[in-house]
Amino acid sequence: MKKVIEKINSLFRDPQLKKKLIFSLLIFLFFRIFAFLPVPTIDFIKLRALFSQNQFLSLLDIFSGGTLINFSVMALGLNPYINASIVLQLLTVMFPYLEQLSKEGEYGRFKINQYTRFLTVPLTIVQAIGIFVLLKNQKIIGSLSPLEFFSFIFTMVAGTFILVWFGELISEFGLGNGISLLIFAGIVGRLPVVLSRTAVTFNQEMVFNIGIFLILAVVVIASIVFVNEATRKIPVFYAKRIKGNKLYQGATNYLPLKLNQAGVIPIIFAVSFVLVPQLLGNFIIYAKNPVLVTLGKFLVKFFAPMGFFYNFFYFLLVIGFTYFYTVVVFNPQKIAEEIQKHGGFIPGIRPGLATKEYLEKILYKITSVGAVFLGLIAILPVLISKITGLTNLVIGGTGILIVVSVILETFKMVEAQLVMKNYDKFVL
């Protein structure tokens, strides 16, 4: 705790870092202002009534930072951009052209970001149309003329791209990763509303449950920090060798394998899939065909966010995507080839195929622990509500994971900048 306080004091003492912090806070302020700029033609009384009755939409609203229940110009948030980034990241691994482009420094990053923005446009349009159909079925939005419909879709797309621009501004002139910090700000910005709802319904019988909740919250946060920082270090020995006229001394390095290799991405992927039945059910429940209506009611009930089947399906999807994403991102074959090419080997393991099989074995064991942990984090709201009976106070495990991860990442970036400044002073 003492070190954390020292880092915060160092942040405020450094003029450059202080400017970056103030700039980031200003962007957060603009973000919160835009979060309360509503889209016209929406019946907000019916909208809030819908959110109060629908756990699924209330859950989405927590992660949107309140932009969804206010149906602001940023109602879709960064979801389309995040989905586009994930898809492009996977395509980068699968297609040699994109993989080569990603290795071309500043130009490569610029082109990848450009492709991500291009992909964001159709994803935003599809999601905006989906939201429009849902609201129209609920009589929250009336019939629109072609021009009004175009304006609605254009506003949604513009709101998402303004948020992306805010994120890029923070990354360039502010403190930390802009996109991550905006997601963090959205989740934290919704906390006062959730806490106020709990305060309104507070009574003496809830004291014990709140105490249990606080203890669980501390345990969960500590677990997330531990899993995020936990690393298995595999020693790699490089023998003494001569290359040209130079003699390279032998050395021992370490190949770090993180316990949570995939981060929060498997949960985001899983959410995209697990929400489909609920969304589909909400669409077809208003159909004229009685068979479709029955199917829609079944899907809405069967995949209710607090239900068993929804969370069991969610848990399995998170585990599956964790394995999938880890295999895509960390390629044991390439790592083994790189180690062999540079004259290295893992003690007790032959170079080449044996090294690849050894890395796969270690990676499988580590990923198993990380996958189960992420799965439990994903279904955390249900677990906590069942234990404590507090539904209003529960913030999604994904939200906690994002908040803790962003704080850790930002602290590391601040620490790196402070170390670099001290190093520059020492050199000069």
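Here the Cβ of each residue, glycine as well, is placed from N, Cα and C on the backbone.
The transmembrane segment annotation in TrEMBL covers 21-42 (among others).
Per TrEMBL, the feature transmembrane segment maps to 54-73 (among others).
The annotation transmembrane segment is assigned in TrEMBL to 80-98 (among others). Within its own chain, the transmembrane segment (80-98) is flanked in space by residues 112, 115-117, 119-120, 123-124, 127, 160, 163-164, 179, 265, 268-269, 272, 328-329, which lie at least six positions past its ends and keep a Cβ under 8 Å from the stretch.
Residues annotated as transmembrane segment in TrEMBL: 118-135 (among others). Same-chain residues lying 6 or more positions outside the transmembrane segment (118-135) and placing a CB less than 8 Å from one of its CB atoms are 42, 47, 75-76, 79-81, 83-84, 87-88, 141, 149, 152-153, 156-157, 160-161, 164, 279, 282-283.
Away from its own ends, the transmembrane segment (147-167) comes close to residues 27, 30-31, 34, 39, 41, 72-81, 117, 120-121, 124-125, 127-129, 131-132, 178-179, 181-182 of its chain (Cβ-Cβ under 8 Å, at least six residues beyond either end). The annotation transmembrane segment is assigned in TrEMBL to 147-167 (among others).
Residues or ranges marked as transmembrane segment by TrEMBL: 173-195 (among others).
If you look up TrEMBL, you'll see 207-227 (among others) marked as transmembrane segment.
If you look up TrEMBL, you'll see 264-286 (among others) marked as transmembrane segment.
Sequence annotations record features per position, and here TrEMBL assigns transmembrane segment to 298-325 (among others).
Here TrEMBL flags 362-383 (among others) as transmembrane segment. Remote same-chain partners of the transmembrane segment (362-383), defined as residues 6 or more beyond its termini with a Cβ less than 8 Å from a stretch Cβ, comprise 59, 220, 223-224, 227, 232, 234, 257-262, 264, 266-267, 270, 305-306, 311, 314-316, 318-319, 322-323, 326, 330, 332, 394-398, 400-401.
Annotated transmembrane segment per TrEMBL: 390-408 (among others), in sequence order.
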Recorded stretch that, among 21-42, 264-286, 298-325, has the most CB pairs under 8 Å to the transmembrane segment (173-195): 21-42
